[in-house]
Every structure is written in C-alpha cells, then in structure tokens.
Amino acid sequence: MSQKGKNKKWRSAGLYALLAIVLISLATTFLGNRPPERLEISYSDLISRVERGEVSKVLVETAPDGRQVAIAEAEINNRATQVQVNLPPLTPEFENTLVANGVELAVRPVQEEGLLGRILSTFFLPVLLLLGLFFLLRRAQNGPGSQALNFGKSRARVQMEPKTQITFNDVAGIDQAKLELAEVVDFLKNSERFTALGAKIPRGVLLVGPPGTGKTLLARAVAGEAGVPFFSISGSEFVEMFVGVGASRVRDLFEQAKQNAPCIVFIDEIDAVGRQRGAGLGGGNDEREQTLNQLLTEMDGFEGNSGIIVIAATNRPDVLDAALLRPGRFDRQVTVDRPDFQGRLEILKVHARGKTLSADVDLEKLARRTPGFTGADLANLLNEAAILAARRNLTEISMDEINDAVDRVLAGPEKKDRLMSERRKELVAYHEAGHALVGSLLPNYDPIQKVTIIPRGQAGGLTWFMPSDDDMGLTTRAHLKNMMTVALGGRVAEEVVYGESEITTGAASDLQQVARIARNMVTRFGMSDRLGNVALGRQYANIFLGREIAAERDFSEETAALIDEEVRRLVNEAYQRATYLIRENRALLDRIARRLVEAETIDGEELQAIIDNSEVVMLPPEEEPEPLTLPMAVNAGA
C-alpha cells in the first residue's frame, strides 16, 4: 500500500476514534453525573421517623455558608428511600435523639464548585471534541482525491504535465486519425503559424469508431504530447442519483478548464450523456438532458470558451444529439476504423516490443491472417501468445503459440477434456471436410488456413478461411453465392455419406448464415433477377433512439411471396452446386475426412497437397446442373 493510502487509512481510523470519544463523553456528562433522587421532608417529620425507627443513618453536610442539610436513609411505604432535610443549627437534643434510637450519625463538609467551574466541567470537553471533529471533517472534505460531500464538483482527472508515458510513437495503424490530433496539438504549441493565416483553433474533435480501435489510446497520446493541462473524464461520471449534479459538474469542469486555458478536455464515452433529447419509448430523461444542455452551452454558448479544446470518443455516433455534432462544438469528426493489412502490421510491431519472439515468428503473415482485428484484438492476441508460452515453460514465443492464440481469440479455448466417440469424430470430420472441399474447389474463393475437428466454444469443429481485405468491404454477387455454397458443404457431406435420415443439427448456424445472405441479396442488395434493383423493407433501427417505433413493410403480400421464392431459389442453387462438387469428388472427400480423423487438425498447405495429388472435378464453367428441388428448413426471417 502506498504512503498516501496509509495516511488516508489512519486519518479515517482517527475520525472514527474521535467520534466514539465524543459520544462517550457526552453520555458521561449528561447521564453519568446525575445525583440520586431524594425526597425532601420537614425537620419534625424526620424526628418522628427517627422515633418510629424508620431511619437507620443520617449524614449531615455543612456548606461553606454554614447551612446544614441532613440526608437520611429512611423506610417509606416499605421501601428504602433517601430523604433530605434543611436543619437548624445542631443541638444536643437532636444528637441525643439519634443516639437514643440507634441511628448512625455522620458529618462532612460540602465542597461546592463555582458557577464557572461547573460550566467548564460540564461543557468544555464535549465542545472541544466537537470542534476537533468539525475541523477534521473539513480537512478530509477538502483533501486531495476526496469528494465525500462535493457531489456537484467535477471528477475530472487533471494532468498539468504529461504523465501517461504514451506518445504518438506508440499509436500505429491509424495514421489519418493520428494526423488530425497531431495537428490539434501543434495548434496549441505553435498557434502563431496558424493564426497568421487567419485559422482558428478547432473547438472540438469527435473520435468515432468501433470498440478497440484506439480512440482512448489516441487521447492518452495527446495528453502525453500536448504540453498543456489535460482534463479527462468519462461521460457516465456526470450523472448521479442526485438531481442537478450533472449540470453542476459540467459547469465546474469548464470553470477549471477556463482557469487553466489553453487546455484539452477529454470526455470518454460521450454517448452516456450526449444521447438525443426526448427520444425513445420512455420519453426524455430530464437529468441527462439537463446535463447535455449545460454541455452544449459550455462548448458554444453565449460565453465563449477560448483556448479549450474538447476531445470526445464514442462508438455510437448514431445516438448523439444533432446539436452536439454541429460545427462550432465538434468541428472535426475523425473516424478511427479497423486497420488494414499495413496498419495491423505496424500495430503488431508496437505490441511486440518487450516480448521475446522466436525466429520463426512472421508478423507479416500474422497480419494477413487477422483481417477485421482491431488494435485491442491484436494486443490481446500477442498477450495470449505470451501467456501460452509461459504456461508451456518456454523462453520464447513461437509461431505455434501465436497460431493457438489466434484460434483462442476467435473461437475460444480448445475443449480437450471433451471425449468424442469414433462415430462422432468421423461425422464431424466429414462435415468439416465438406466445407473445406467446396471452399477449395470454388473459383476465386478465400484460401483455407486450417481445418480442425477439435471442439472450440460452441463449435464441434472449424474450417478457417483467410479472407482478403483488399476489396475495402465490397462483396460481389459471385462471392456471396460462393459463401452460401461453402456454408452448405457440411450439410451436403453428411447427406451424401450417411443419407438424408442421418443428417444432424450441426448445420444449424450454417443454414442461418445461408438464409441471411440470400435474403439480403434479394431485399437489400438488388441481386434478384425477378425483383430487380430495388431495396425492400425498411431497416430496423433501435426503437429506444426515437428513430423507429416499429419496422414497416413497404411491399405487398405478392412481393413478399416473391421474395420467399427468390430466397429459396438462391439457396437451392447453392445447395445444388455443393452437391455436385461433393458427389463428383467423393474419393477426395473421404481422403480429407480420414486425415482429419487421424491428425484432428490439418493446415491449408497440407490440404492443398492432398487436393493436388487427387483427381478433381470442378464446376462446369458455363452451364450448371439443373436445380434440385429439395425440402429445406430455411429460416426466411433470418
């Protein structure tokens, strides 16, 4: 534990101890010093009780002023009671009466305190302790890092000097976004160069992109490079259970920023506070909307915020309020997308620093194997590989650990404890061999990386393809048809080898994928000859954003029936192509399946060697076999 943590712990313990002492002192003062209750009687009544034998002891107290008081222990109503009597000056007759009746007599002086002494003894210690407790609470409240009672204060972390130890050299693969933010930092450092041309500093920069692409990392790099105060806060930290806290924290944040201008304010996950106002089924959220209104005012309201640059990050730009996105508030919207091949290679090089890699590790090959991976995915991938190497008591990270880490990240860990019967192993082998065979024989399809029958996650076996990211997200009609054909290869292999009555549920996810692709081809991509180049059906939107209350079907029942027919036609064509390839290459299918049963995993090079050493029948280049009319369980709503 740090010294600061120890001091805070001891301070808390001291607070509780002081509070306990105060409570005990107050209880002692007001409860412990109460004198016993006494019954006051007359002098003659006392003499009568002494003569009747009801008094056993008399204590005579003499005050400094000469006044005497007798305190007697008498029995009244069959109960022992203390009585008090104001006495005249003592006479021998009173003493003789007491002695004659066997009453014990004692005399003592009374030491009375003055008024000031009584006040001090009664109130001084409690008041002193309460004052000490008050000052201790004030000190704890205003201490560093303590927000015990300051609900309306901003919780932003402030860096007056760079402390993140991260610079733009640690950011790779997102060069365009890095350039935009580097320009903002340069504006703060060398503003004269820009103002000489009449340029104004941008008010805000919004970083938009999928999770894990490096938005927060960019902000940390800005904090390390800027050379100006850097305030960082999460959007969720503005709103609490108390009304008005969010707006108060926004005001306090920008008040601190104005005092330290020029500076940078970074708001992470701004969608937590910047959602559209008054949207959704449940109406608006008054507290969040009040916070958003205050944020809008501070960013570009009646009073300027010159010298303050707001950088915000979100992966949900579609839910943000339009007033927040306009120029003057967020002048720049920087898209931080998934990296391409070159970006992935640079990211891998950055995260490979400090890791001991063996000579066989090829980062370029790994970058080609991981299209669609974000920077966070790649960092996690190399970390998993390092953990696997340590688990295996190795001194270096080899390509085997990296390959296993890729499989682990994509599909989960191997289920080595799951014992499979020979029948199940053979069935899974034929299913995966069907995918691999069809994918290998289709023209211009993605190359196969690996085929395995070792279960991972929810899958009993997997066939890994290596998609290319050169097409920039564009997919052709031919490739979509090939995707459906490959997905149906496993079901067709089961049917060809074991018969229609022995097909299994292992193709459930394949059928869902096929139905989804076919329906999108018909209704979204305009790839149906009968329906033409039209997009049918309004797309679903998140109903809690106020965009759509329900999906609307903008076509007739006849068109809906035609859509179903076209979906079934596309699926049947893909099924027919897969059936043709597997029936015509049955011997090759058996060879691949037998090898899978033996080795459990074969890589793409070994699979290609098996295909090269076998007789192969390809699809006819011009005409395809007649479509088969087969009953298929196609989820038309997928």
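Every residue gets a Cβ built from N, Cα and C, even glycine.
According to Swiss-Prot, the feature topological domain 'Cytoplasmic' maps to 1-11, 136-638. Taken from Swiss-Prot, the feature transmembrane segment covers 12-32, 115-135. Under the heading topological domain 'Lumenal', Swiss-Prot lists 33-114, citing sequence analysis as support. Among the features that Swiss-Prot reports, ATP binding site is placed at Gly209, Pro210, Pro211, Gly212, Thr213, Gly214, Lys215, Thr216. For His431, His435, Asp510, the entry in Swiss-Prot reads Zn(2+) binding site. Under the heading active site, Swiss-Prot lists Glu432.
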## Note on the structure
The correct three-state DSSP answer for His435 (Zn(2+) binding site) is helix
### Spatially closest candidate among His431, Glu432, His435, Asp510, the listed recorded positions, to Thr216 (ATP binding site) (Cα to Cα)
Asp510
### Message
Mean pLDDT across the topological domain 'Cytoplasmic' (136-638), rounded to an integer, is what?
### Response
82
### Query
If H, G and I count as helix, E and B as strand, and all else as coil, what does DSSP give for Gly209 (ATP binding site)?
coil
### Query
Which of the recorded positions His431, Glu432, His435, Asp510 has its Cα nearest to the Cα of Pro211 (ATP binding site)?
Asp510
### Other same-chain residues whose Cβ falls within 8 Å of the Cβ centroid of Gly209, Pro210, Pro211, Gly212, Thr213, Gly214, Lys215, Thr216, the recorded ATP site, in sequence order
Ala313, Asn315, Val336, Thr374, Gly375, Ala376
### Query
Rounded to the nearest angstrom, how far is the Cα of Asp510 (Zn(2+) binding site) from the Cα of Gly212 (ATP binding site)?
28
#### Entry: Candidate with sparsest Cβ neighbourhood (10 Å radius) among Gly209, Pro211, Gly212, Gly214, the listed binding-site residues
Pro211
### Query
Around the Zn(2+) site (His431, His435, Asp510), what further same-chain residues have their C-beta within 8 angstroms of the site's C-beta centre?
Glu432, Gly434, Thr463, Ala487, Leu488, Gly489, Gly490, Arg491, Ala493, Gly506, Ala507
### Message
Using only C-alpha positions, which one of His431, His435, Asp510 is spatially nearest Gly209 (ATP binding site)? These are the binding-site residues in the record.
### Response
Asp510
### Query
How many neighbouring Cβ atoms, not counting its own, are there within 10 Å of the Cβ of His435 (Zn(2+) binding site)?
25
#### Entry: Candidate with sparsest Cβ neighbourhood (10 Å radius) among Glu432, Asp510, the listed recorded positions
Asp510
### Query
Given the binding-site residues Lys215, His431, and counting only Cβ atoms in the protein chains shown, which has the most within 10 Å of its Cβ?
His431
